[in-house]
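Listed features, source TrEMBL:
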type	residues	note
DOMAIN	16-68	domain 'Myosin N-terminal SH3-like'
DOMAIN	77-161	domain 'Myosin motor'
Amino acid sequence: MDPRGSSSPVLRCNTRQYTRVWIPDPDEVWRSAELTKDYKEGEKSLQLRLEDETVREYPIDVQSNQLPFLRNPDILVGENDLTALSYLHEPAVLHNLKVCFLESNHIYTYCGIVLVAINPYEQLPIYGQDVIYAYSGQNMGDMDPHIFAVAEEAYKQMASS
């Protein structure tokens, strides 16, 4: 089964050389690649260069015309709200979570009003009294995503009802 589904935001108009895309990978789940030449509708494959400089031909099923997902611009990677991404699909979400967790050491991010949490499998010093005070009275979105921000927002909503 195609992991992208039928209504996925895929490469359509922007099929020029240097367009960055995500392709399925059996080991890494998704790999970043860049088109090395323009794609014309009806062609049977894309010419790609992976991040490790490997050149690859990516086959396309001409009947379904399922093309790879587009990558978000680098400036959006690491956003603390997934809804800020230009493209919101599985590889974009997973990559953004990976960047937030591995590079910034943040286990929380938002997707609109939903808090997304990554289990770090270790104790973190992010739940102490000082952190509670820091989020107390703040508006959700004023500070980094955190369970205390959600709790503060819920408390404010409850108190105003």
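Heads up, residue numbers simply count up from 1 along the chain you see.
Cβ atoms here come from the backbone N, Cα and C positions, even for glycine.
The model shown is predicted, which means the values in this text are computed figures rather than measured ones.
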Which residue counts does DSSP give the domain 'Myosin N-terminal SH3-like' (16-68) for helix, strand and coil? 0 helix, 24 strand, 29 coil
Local confidence of the domain 'Myosin N-terminal SH3-like' (16-68) - pLDDT mean: 91
